[in-house]
Amino acid sequence: MSHVAHVLGRIASAVLLAAVAAFFALPMLWLASAPFDAHPSITVSLPEFTLDNFRAILDNPYALGSIGNSVIQAGGAAALVVVLAALAAYALSRVRVPGRDALLYLLLLLSSVVTGTAAMVPIFELATRLNLVDTHLGVVLTVSGGLLPAAIFILKDFMDATPTSYEESARVFGASPLQILRHIVVPVVRPGLATIAVWAVANVWGGFLLQYILLRDPEKSPGSVVLYTLYTEGGQPNLSLVSTFSLLYSLPVVLMYLFVSSRYGFRFHGGIKR
Amino acid sequence: MRLFHRPVLIATLTTAVLTLPACGSGTPAGKDGVTLTITANAISGGKNTAAAEWIKQWVIPRFEAAQKAAGREVRVLFQPNGVGDEQYKTKVALDLKSRTGADVIDLDGIWVGEFAQAGYLKPLTELGGTAVETWEGWKQIPQAVQGLGIFDGKKYGLPQGTDGRVLYYNRDLFGKAGLPEPWQPKSWQEILDAGAALRRLPGVTPIQINAGTAMGEATTMQGALPLLAGTGTEIYTGGKWAGSSQAVKDVLEFYRQIYSGGLGDPKLQQEAKGRDKSFAEFADGRIGILAEGDYFWRAVVDPKTGVAPMAERDRVVGYARIPAKRPGAGVRGQDFVSMSGGAVRVLNPFSEHPRQAWELLSFMHSAEAVKAELAGAARVTSRSDVNAEVLAADPMLRFVSEEVLPITVYRPGLAVYPQVSAALQEATADVVSGKPVQEAATAYRAKVERLVGGSGNISD
Amino acid sequence: MAPATSPTDAAGLGRGRAVAFALPALVLIGVFLVFPAIWTVYLGLTDYRLTGPAAADPRLVGAGNYTTALGDGRFRDSVWLTVQFVLGSAIIGQAGLGFALAWIMRDRRGPVRRLVEALVLLSWILPGSVVAFLWIALLDRDGGTLNALLGTPGAAWLLDHPMPSIIVFNTWRGTAFSMMLYSAALENVPPSHLETARLAGASAFQQLRDVVLPRIKGHVLTNVLLTSLWTFNDFTPFLLTAGGPEGRSEILPVYVYNVALRDGQLGFGAAVSFLILVINLVFALAYLRLLRDRREVPG
């Protein structure tokens with residue numbers, strides 16, 4: 001009886017997983033067909049195969065460079081966020097500061113104000129006064145400010161959940177706190193750090209308005225900004241360029257996914273079970 | 001490469017980012033001479049690529065050479081953009097607010113008033129000096145077109161060109177529906193009659209007059225405002241905004257007749273990409289009559305460069321003036337009406353070299369420069385001397401220049417206009433989705449009253 | 001808030017070094033987040049605009065923007081739509097589907113799990129502007145893939161069902177985070193406890209409620225707090241529906257965009273941003289309360 005139920009359960013879960021996979025895969029079809037179509041439309045269809053669209057996008061003076069800029073800005077922000085958030089999360093996790101959870105949540109709430117459209121003027125004026133307009137650094141620092149609270153919030157949870165016994169023994173052997181963090185804690189939460197890094201990259205990768213407003217020189221513009229240049233004066237997207245560029249511009253994050261996934265796995269918390 | 005085993009790597013990455021050259025904003029100083037910057041919503045390989053190429057390949061080298069010949073060392077830079085109008089406007093406004101930004105700036109003429117009110121612009125004479133008044137170009141630019149750069153009687157910018165709205169129609173479909181051709185409706189009723197005939201064709205949407213909020217300003221400019229002009233009123237006259245007047249109700253009633261009467265596709269007005277789709281459908285022979293600007297002819301259905309190209313555009317696409325509600329019922333007692341807009345170039349009031357910036361600006365508006373900008377393509381420029389030469393090649397644009405511009409109307413350049421425009425779009429959306437005209441008009445009036453500060457500023 | 005490990009100072013950090021560890025992050029947050037955020041809140045008390053006379057000379061209007069917003073039917077509609085959006089896509093959609101996937105796949109290994117995870121994660125990391133095109137291609141009424149599959153040509157999903165469309169969209173977009181979080185959380189539930197409960201005749205629901213939930217409560221809280229906050233501020237649906245038709249999918253971030261960027265009313269937009277913050281706070285308190293109450297039920 002229970003065996004039958006078990007088999008039925010397995011079948012049901014397999015069907016469900018297949019449906020979920022189809023649901024998540026379906027929208028991505030367009031990205032696989034339109035860039036190779038001589039006359040792409042919003043409809044997914046078997047393409048009238050061509051590579052001309054790729055040739056056209058390579059002729060665009062800013063397209064490829066912009067993906068490099070995205071890498072600099074998203075990579076820079078992710079590195080900054082992961083390092084600073086890990087340090088802060090560790091400190092907040094291990095040392096009791098009164099009201100730390102409330103403070104963290106307050107910062108999290110404020111980050112929602114700053115990432116909204118209404119904060120444009122303060123952010124721009126701040127960047128102007130700090131001489132950060134038209135620099136990669138300006139973009140990196142501004143987006144990092146918005147991402148840090150959530151990163152600390154999540155990482156602190158991980159750190160809270162890791163056992164402290166190893167740290168204690170390392171301390172007995174005379175390791176400094178920074179060494180303990182680097183050699184004991186980081187390895188345990190590494191998949192989590194990798195996931196936060198990917199999250200940060202994905203967040204910065206798609207960001208448009210802030211990047212557009214802070215940058216002047218198109219040689220520094222990230223892909224998200226260049227994607228919008230592929231529209232006509234009346235605001236119509238040039239679908240052959242837009243779809244092809246979308247594919248090229250998505251590739252780095254897909255590669256990053258494959259790399260992180262094969263190396264660290266996408267998991268929160270460490271491999272140690274409590 | 002194990003990312004998290006190697007703090008060194010992270011440290012390097014972080015330092016690399018932190019030490020990236022933090023060169024300042026604004027104009028990088030030239031070696032010893034003057035550096036000027038031009039900005040526009042144009043970028044090579046993307047939006048308005050021709051304009052960007054013109055600035056880079058023609059304006060900059062020639063202006064620099066001309067200055068050098070006069071013994072001055074001037075360097076000119078170009079800051080391209082390729083975004084939606086709202087984003088571009090925001091960026092320029094932020095730059096001017098913080099007293100930085102390019103020396104010569106492209107703006108939509110409709111923004112001049114609100115920028116001037118904000119203190120972001122100054123009259124050209126205050127910046128360029130006496131050279132402004134004596135510029136040869138003024139007498140080539142018709143007074144109405146100069147108006148694009150004028151606010152409160154002062155000249156803030158040089159207009160680049162203008163445009164006009166017409167009714168496009170598909171001659172093949174007209175033939176099939178047994179309609180006369182060439183077609184020139186003389187009243188709104190004649191548009192509806194043609195629509196009724198087109199309706200018999202399977203798979204054809206008879207009329208596309210932009211409506212709703214998804215099309216944004218395209219609804220106001222191609223739909224509500226030309227219709228309003230056809231009732232003899234403008235959205236803003238004599239210091240008052242049009243409220244729920246009979247004129248506004250007439251416009252909404254016309255929308256109702258189209259979209260509740262099966263003459264238009266109400267869903268298309270609601271779709272986020274509805275305007276793109278209307279272009280594709282027209283190009284595909286599935287829309288009979290479409291109200292659009294000359295942009296549609298030049299950039300949408302152009303056989304080579306259009307986004308929805310029509311190989312046989314010159315044979316298939318007809319165009320007609322937009323009629324007033326009845327003959328003689330339009331603004332200034334006209335039989336036909338249109339709406340126009342256009343871009344201008346202004347000087348940055350915070351420029352370090354305003355005189356040289358004016359020289360650059362006027363250089364960009366010389367007959368020779370304007371012709372070079374067209375690079376063989378036809379469009380209605382601000383200069384009559386250039387138009388006389390270049391429009392000969394394109395009958396449609398000649399039609400706009402000769403038949404449409406004399407009867408056209410311009411929008412009011414006030415900061416609150418975009419919101420009034422949005423309220424008008426919402427009113428058309430209400431009607432298209434089936435709300436009674438009276439209700440939509442009342443809701444519109446309530447919104448406008450709030451926007452413009454009380455009913456004292458509204459005419460009903 | 002966190003799973004209950006006693007946060008002792010195992011590494012011997014001490015207050016001083018803890019401050020030094022946290023300082024770089026706090027400085028960056030202070031300069032690039034707290035400062036502009038407070039400035040924005042201040043702008044919310046003025047009639048500041050991007051252009052026009054009010055740009056040159058903004059005036060303090062006190063609570064004027066707030067009373068205007070609360071009195072505006074469009075704002076109240078937008079709040080209600082956003083609540084639907086958050087409950088539907090963040091709580092039921094992302095957290096629900098994320099948990100279901102984590103639960104079903106908890107003892108699965110192999111290609112099926114890897115494929116499902118890869119697809120779910122990809123939809124999370126693809127850039128928003130690209131994703132918008134993908135979904136328009138899926139839901140388009142003329143050439144949409146969905147209509148081709150279902151044999152329903154002309155069904156205008158985005159127009160006739162704008163809210164369900166963007167709710168499903170956002171579920172697709174954000175389930176990855178919840179799935180990962182719950183996968184990790186479920187590792188904290190010892191299989192033996194589930195086995196015991198099963199042998200004692202507990203139904204699947206009872207197992208989840210009595211054995212699983214108490215052990216993952218901290219994760220659930222983190223999950224709902226973050227996904228709600230992110231969903232409250234998600235602007236991507238604008239690229240699908242532009243807030244339409246007739247504002248029927250104008251969620252608060254879209255409302256702020258329209259007000260602040262299209263209309264240029266930055267002061268008013270700032271005030272609405274602050275109201276969004278307050279609504280988020282209310283949600284957070286509700287979650288805290290709900291999950292605290294659960295804790296008092298004996299496991």
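Placed from the backbone N, Cα and C atoms, the Cβ positions cover glycine too.
Keep in mind that TrEMBL annotations are predicted by a computer and have not been checked by a curator.
For A:7-30, A:71-92, A:104-124, A:136-155, A:192-214, A:239-260, the entry in TrEMBL reads transmembrane segment. Here TrEMBL flags A:67-260 as domain 'ABC transmembrane type-1'.
Within its own chain, the transmembrane segment (A:104-124) has Cβ neighbours under 8 Å at 92, 133, 142, 145-150, 152-153, 156, 209-210, 213-214, counting only residues six or more beyond its boundaries. Outside the transmembrane segment (A:71-92), and at least 6 residues removed from its termini, the chain residues within Cβ reach (under 8 Å) are 100, 104, 136-137, 139-141, 143-144, 147-148, 151-152, 155-156, 158-159, 181, 185-186, 189, 193, 196-198, 200-201, 204-205, 211, 222, 252. Outside the transmembrane segment (A:7-30), and at least 6 residues removed from its termini, the chain residues within Cβ reach (under 8 Å) are 42, 44, 243. Outside the transmembrane segment (A:136-155) by six or more residues, the chain places 69, 72-73, 76-77, 80-82, 84-86, 88-90, 92, 104-105, 107-108, 110-111, 114-115, 123, 127, 130, 189, 192-193, 196, 199-200, 203-204, 207, 210-211, 214-215, 220, 222, 268 with a CB less than 8 A from a CB of the stretch.
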